[in-house]
Amino acid sequence: MIAFIVLLSLAAVLQQSSGTVDFASESSNKKDYRKEIVDKHNALRRSVKPTARNMLQMEWNSHAAQNAKRWADRCTFAHSPPHTRTVGQLRCGENIFMSSQPFAWSGVVQAWYDEVKKFVYGIGAKPPGSVIGHYTQVVWYKSHLLGCASAKCSSTKYLYVCQYCPAGNIRGSIATPYKSGPTCGDCPSACVNGLCTNPCKYEDAFTNCNELAKETKCKTEWIKSKCPATCFCHTEII
């Protein structure tokens, strides 16, 4: 059976399906499938080539899942407004998948990851212009909070949404979604099954916080408020 599958943003393909699944049984509201989604992401994250020295372990986040569900239920094949994709102070990224028939969540996540076929670490999309953003979000080292949801939009349309916090796909860094090196090289004392478990709870407001922190030694309240990750997270993954 041929299933029409679309992955936001620009990819549209016809793909042979291995068979339909019961949509209700694949609901992301069920605890077993939440575990399936998280485990699939973590399995893919620990299998990246080249290996990653700073890849964080993902965990389920109910707030991100609620945000994903609200958007999935609107059955709009477009990204949700960025201001609706937040968990606390964290801004979240988003992957979207649409199919003409229900898919197992592991298959949805694998479809996003498979964009790796057109990705070269350190270079980016190859050939240039290829869609790789779903893959890079799945393996973005810093994204460690995950929430997903799905919706049956009609008899021929199923929408799957995952949100990732903090957001990946930072401009200028797409070609290096993680730091290559020995597995868990940046978290030797906080490594579980090849993934780091020590995320920094803060997020810097600026990309040049390292330079600012060196200049001020984090002694001003302004620097502490704008560069809290750099100032306070010395052993955690930033």
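Each residue, glycine too, has its Cβ placed from N, Cα and C.
Swiss-Prot lists a disulfide bond between CYS187 and one candidate from CYS196, CYS200; that candidate is CYS196. Candidates considered were CYS92, CYS148, CYS153; the recorded disulfide partner of CYS75 in Swiss-Prot is CYS153. Partner cysteine of CYS233, as given in Swiss-Prot, is CYS200 (from among CYS200, CYS209, CYS218, disulfide bond).
Between CYS184 and the candidates CYS165, CYS191, Swiss-Prot records the disulphide bond with CYS191.
Measuring Cα to Cα from CYS231 (disulfide bond), none of the disulfide-bonded residues CYS75, CYS153, CYS162, CYS184, CYS191, CYS196 fall within 10 Å.
The subset of disulfide-bonded residues (CYS148, CYS165, CYS196, CYS209, CYS227) lying with their Cα within 10 Å of the Cα of CYS184 (disulfide bond) consists of CYS196, given in sequence order.
Of all Cβ atoms in the protein chains displayed, 29 besides its own lie within 10 Å of the Cβ of CYS162 (disulfide bond). Averaged across the domain 'SCP' (38-164), the predicted model reaches a pLDDT of 97. In this view, CYS191 (disulfide bond) is surrounded by 17 other Cβ atoms within 10 Å of its Cβ, with every protein chain counted.
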